[in-house]
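Peer 1: Provided herewith is a single structure, encoded as structure tokens, for subsequent inquiry.
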Amino acid sequence: MADPPGCCHPCATCLLCLYSCQWITAKKEKRKGLRTTKCDCSWFLFLFCVFLFTLVWLYFAIIILNDFHNFNEFIFKQQKLWLDWSLVLLIATAVLITYSTVLLVLALCLQLCGQPLKLHWLHKTLLIITALVVAAAFTGLGIKWAEEWKSARISLQETGPFLHIGIVGGMTLLAWPLASVIYRTRNTGLKVFLLLAYCAVMIALYLAPLGITSPCIMEENQLPPKPALVGHRGAPMLAPENTLMSLQKAVDCDVQVFETDVMVSADGVPFLMHDEKLTRTTDVQKVFPERADMNSTAFNWTDLQQLNAGNWFLERKPFPTVQSLSDSDRDEVAKQRIPSLEQTLEAAKESNISIMFDLRPEKHSNYQSFVNATLDVILKSGIPLQQVLWLPDDCREQVKKRAPGVQQIYGRKRNQNEKEQLQRVNLSYQNMSFEEIRQHRQDNISVNLYVVNQPWLFSVLWCAGVSSVTTNACQVLKEMKHPIWLLPSRTYLMIWIVVDCVSFLMILWAFLLLK
């Protein structure tokens, strides 16, 4: 078995050393008469499958970054430990994909050099561990975070055309080692099988664009207006969530609506707080250690005013953006307190920004009194009622009677048979299809989707025609003047044809060159 031109013995020796963990020169290897066995081929196939498996997980890991702050909050509530687990996820994924990629490249190079694929037992063990780790990650995702499968389907609407080009390119490059295998093997049946399988895969890839759809395949003049921004608890990447500073930072980002959460203290004062307990976003464990695990509504307003609502932001750094805060911003963060709803409405009125809120906890025995206390503050604040968006479903009819000017926003889709015509809906981006977005838009129903942080997701929802999005990253989405990509259908057709033709010619060249 002669080496192909350009494959020097030192290179083959190094490849064998890295792949087989044996320092054997190419000449000695030949003298031993070692060849790639069926078992070796099986391990190569397993390596290729692990590489693809890990590559798919890398894609998922990038997609779920949009929602990873929710995972961080979940872990904190369970373990009282704050860590940006997205860094752990990305580092672990990078290690796994790098390892499997290097091994695969080594195997392909060995094949081109005509050397046996004798994978060392240590690599075999590590590959099995890699496969088990990725399988466990996918299993955990399916059990605990199943909605992310919907996120992946949505992402394909944004990345589908480019994934197609990448896969076609990868399979085209695979033609060189495949041609080498076909020309070297003496097994006619294996030759036919490999050739037919490869041709079937390539034909499927060449025709794949027929099934690829994306709302961003449209003419420029058909692009809907840019979605308005709703600040999720303000601007939580720039200031502590649900504080007056966070509201002001949201205003600076041209946010049109401040989304927040309202609770009512034991003495009847509505205030801003998302969690049922105060431990994550205040220093309650330091000020009231014996009461730290009590519900937020069990504290009176005097006690709540003693808590600092900003230092946790500097200590835990919930977002990487905390590192880049200026000294003046850090000083302001350290001064933040829990704001009352009255203070928030006053700030919203001065900034001419709308406010949308949930009233928590919904199952509290005194929820009716919470509604009354909240409505009293709204009506006394003097804020134009059209700037208030009411989210809670409970007691909605009572709210309509006492404050008919308040905007009603619903956390559900429109029902075809309902008498009342909805004007606004607020849903997770995973729970509304692009077709439903278009239908609501045609019916003049404002659609707000949450929580949208990544530019790719904002881009595809923009193309779909969503009215607004709730976001943690208002400072990022504010700067987007255009979707990431927008292709007229004719342009996409031309790219498709060119990519397929170039791929076909390169495959033909590979088989003719190595013949």
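Here the Cβ of each residue, glycine as well, is placed from N, Cα and C on the backbone.
TrEMBL does not curate its annotations; it predicts them automatically.
Annotations for this protein, taken from TrEMBL, read as follows:
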- 227-481: domain 'GP-PDE' (DOMAIN)
- 41-65: transmembrane segment (TRANSMEM)
- 85-113: transmembrane segment (TRANSMEM)
- 125-143: transmembrane segment (TRANSMEM)
- 163-183: transmembrane segment (TRANSMEM)
- 192-212: transmembrane segment (TRANSMEM)
- 493-514: transmembrane segment (TRANSMEM)
Peer 1: Who are the long-range neighbours of the transmembrane segment (163-183) in its own chain, taking Cβ under 8 Å and residues 6 or more past its ends?
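Peer 2: Distal contacts: 4, 108, 111-112, 114, 156, 191, 194-195, 198, 201-202, 205-206, 208-209, 212, 495, 499-500, 503, 506-507, 510-511, 513-515.
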Peer 1: For the transmembrane segment (85-113), which recorded stretch in the set 41-65, 125-143, 493-514 gives the largest number of Cβ pairs separated by under 8 Å?
Peer 2: 41-65
Peer 1: Is the transmembrane segment (493-514) packed against any residues at least 6 beyond its ends, judged by a Cβ distance under 8 Å, and which are they?
Peer 2: 4, 161, 164-165, 168-169, 171-172, 175-176, 179-180, 182-183, 202, 206, 209, 487
Peer 1: I'm checking region-level scores; what's the whole-number mean pLDDT for the domain 'GP-PDE' (227-481)?
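Peer 2: Mean pLDDT for the domain 'GP-PDE' (227-481): 95.
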